[in-house]
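These notes are about the structure you will find just below.
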């Protein structure tokens, strides 16, 4: 390709493509970044989030490279917004928990012990917890003196001239 054709090709290719090929200092690229920074800080009425230029992931709002943490780290960008992480290794978390446990009074159960389970109430075999009741449609809600109330409601619909039956069940404690 001669120089004139190369220049025409470069002008016809969007600046984002050139920036990925290493032309991040191109004036159009800088202008695009400045415009994006104004959109982020200003007030287009969206959610305010910025997408990563490479993969579309959520980018940090203060990232000057407009990239997600993974892209900034993998491309070696010096980015102050992605330096600090909230993730703490498990060993450090355990050390911190042990330090807090020695400072605070021992109100928790020792490790490995659990709260004892409550015993079930054994009901006599003669009592029945299942009650079948036919609820008339016009009477409203039926009141029963049992632990559980099971309701079964049948619904009949007319759809395209055919009756369709549906059943709804509910259990109330």
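Glycine residues also receive a Cβ, built from the backbone N, Cα and C atoms like all the rest.
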Per Swiss-Prot, the range holding region 'Disordered', considering 100-121, 122-143, 144-165: 100-121
Residues of the DNA-binding region (52-79) by DSSP state, where helix covers H, G and I: 6 helix, 2 strand, 20 coil
Rounded mean pLDDT for the residues that make up the DNA-binding region (52-79): 81
